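What follows is a set of notes on a single structure, which appears directly below.
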Amino acid sequence: MTVARNRAGAGPGKGSPISSFADKTFTDPARIRNFCIIAHIDHGKSTLADRMLQLTGVVEERQMRAQYLDRMDIERERGITIKAQNVRLPWKVGDDEFVIHLIDTPGHVDFTYEVSRALEACEGAVLLVDAAQGIEAQTLANLYLAMEKDLTIIPVLNKIDLPAADPDRYAEEIAHITGCEPGDVLRVSGKTGMGVKELLDEVVRQVPAPVGDPDGPARAMIFDSVYDAYRGVVTYVRVVDGRISPREKITMMSTGATHDLIEVGIISPEPKASIGLGVGEVGYLITGVKDVRQSRVGDTVTAARGGATEPLVGYRDPKPMVYSGLYPLDGSDYPVLRDALDKLRLNDAALAYEPETSVALGFGFRCGFLGLLHMEITRDRLEREFGLELISTSPNVVYRVVMEDGAEHVVTNPSYWPEGKIREVYEPMVKCTVIAPSEFIGAIMELCQNRRGELGGMDYLSETRVELRYEMPMGEIMFDFFDALKSRTKGYASLDYEEAGEQQADLVKVDILLQGEAVDAFSSIVHRSAAGAYGGRMTSKLRELIPRQQFEVPIQAAIGSKIISRENIRAIRKDVLAKCYGGDISRKRKLLEKQKEGKKRMKTIGRVEVPQEAFVAALSSESVGDKPKK
């Protein structure tokens, strides 16, 4: 089947987009279909999107590249999707022409907010499952999000060309979860393109057309915004009511800010300016604004004159769950780091940061992230896109501390831990869902119990796969829980988590003292039962990392004034007797006494300089979790 291509306009010259009937906007809503793909990392979502781009003819063969919609280098390198992307595709069923908007969403748990926003812009979702691996925990979480929003679900098994594929078994599993028949599950291969045409036909058949009032006041929901160095903020919207045209004034309903619309257009899959957008259409707006916070994701855009009074539901500020300090290795890079964070914030509304100083590390920023992957990717982007060298302190969650006198403190950094009598401490909890082969139940239960988890329930998805639900403190899954889970289940387990309030816990702050002085960068908040292990681990690690001095240096771990662990760095001894070739013993004794006095004085006034490498090594190995020593 070929797509009608109107070549009267732009000819398919070098880099020029192929024009088709989908390039005309104000399409009749009955001929529009909006859908997204829900899938776990590595289940072939971006590859399937690539095949759709080729099949509908919007990308020429010679311009095709793998993961076409993943724009960032880091997305392509890690093979993951971070930002939600969208594309407008032409499709014909018989003689009927349809416009399909595909919104490509991230699959990782940290980016659930990006997924929920993309779902708001759709009426249907393709549930994509790897035919060799089956459904994963995060896919399940995103599927439930889609079901809550009443989207039409089209179940699909991908990678059926793999020798290890077992489509019949996993079709049963999907049918069990979605309530459809195993025969209704479509089978495709994103790699070979098999079954993709049938999938697009099903999207047209099953996904409902968008509904909205074409004559009402304009209302459009922002589901993403990116920063372009030349054009300012590019805002991606889905029009719900009315129409949006260039050269008119628009208002953002959450902030009340008014902007001039410079350009309105569609993505197919490169941006193309258009005469406007109508009901159900997905496209982009450019207002020339330079700050992405002006166009918040989930906000409602309306006309400045005669606009809507009621915003669309669905906007909430993303809340950081994990905090970590970011410091430049070279102190003079601080302004560069500040500018870099400002620029990243333009693309990433979920990133929060404020300046902070550390005695040990100098000037830096306390940054809030959605999760550990978000933190790692932000750091990667800072280093790669802005050429910075950074130290990040070990991540921690937000604690609420209540003092004896009833005063409350919110602690995002161990150095803000209040002094004095503490009545109670509350820590954030998460509900974890682990899906794994049933032979690993014992290993998973043991791991979760060691991390202070409570079993909430257990379901068999099929005879061989089981879903375990745990409630755990978020601080316990922060470091290496995912690594430990993967190693205990030979890589077969998948994990998803969501917030679940807070609980009271017996938490303490462990300080690391060098020569009696606390080093703020190494402080950590841990459960009392794990404090001894943390203290012992850090002191022995620092003993190896800090260079020896002319005097003995004690490294101690302490809770308040109580020392729980100690290691000593032996002094370097200079051979003061080297110049005495023989001679009187009293002469030697005098030199040794003098050395002893000098060492004593040095010990009282000497300072221990901790080299940057020691900080980097201690903090980085700490944050990835300590592997048991072989």
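From the backbone N, Cα and C atoms, a Cβ is placed for every residue, glycine too.
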Scan 1-22, 67-88, 573-594 against Swiss-Prot and say which stretch is down as region 'Disordered'. 1-22
SER46 (GTP binding site): secondary structure state under DSSP, collapsed to three categories: helix
Among the binding-site residues SER46, ASN158, point out the residue whose Cβ has the most other Cβ atoms within 10 Å, with all shown protein chains included in the count. ASN158
Counting across all protein chains shown, how many other Cβ atoms sit within 10 Å of the Cβ of GLY44 (GTP binding site)? 24
